[in-house]
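Q: Just dropping this structure here.
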Amino acid sequence: MKAWMIILLVICVAVVVEQSEARKGRKYLNPGVLDRCRGPNPPAGCHPHNSHHKPRVPVHNYSRGCSRITRCRRDA
């Protein structure tokens, strides 16, 4: 029983060491990890990715004049 436990422990240690060796090349954090705007719930004030390259589009076209619905006098 003790021999099996020792073998299992050696296998587990070998797996952990191999995984840490595989990650040895990365010694820095990805900048996206620290950027709160790229997370799942960005705080207010964050803009969607690549939105600074797109032109702004108005929400609705505002016209300050008479329309058929208001029945005001037309200029014609």
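From the backbone N, Cα and C atoms, a Cβ is placed for every residue, glycine too.
The annotation signal peptide is assigned in Swiss-Prot to 1-22. Annotation comment: Swiss-Prot describes CYS37-CYS46, CYS66-CYS72 as disulfide bond. Positions annotated as N-linked glycosylation site by Swiss-Prot, on the basis of sequence analysis: ASN61.
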Q: Between the Cα atoms of CYS72 (disulfide bond) and ASN61 (N-linked glycosylation site), what distance do you get, rounded to the nearest Å?
A: 20
Q: Could you state the CA-to-CA distance between ASN61 (N-linked glycosylation site) and CYS46 (disulfide bond) to the nearest Å?
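A: ASN61 (N-linked glycosylation site) and CYS46 (disulfide bond) have their Cα atoms 26 Å apart.
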Q: What kind of secondary structure is CYS72 (disulfide bond) part of, going by DSSP in three states?
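A: In the DSSP reduction, CYS72 (disulfide bond) maps to coil.
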Q: Expressed to the nearest Å, what is the distance separating CYS66 (disulfide bond) and CYS37 (disulfide bond) at their Cα atoms?
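A: Per the Cα atoms, CYS66 (disulfide bond) and CYS37 (disulfide bond) stand 43 Å apart.
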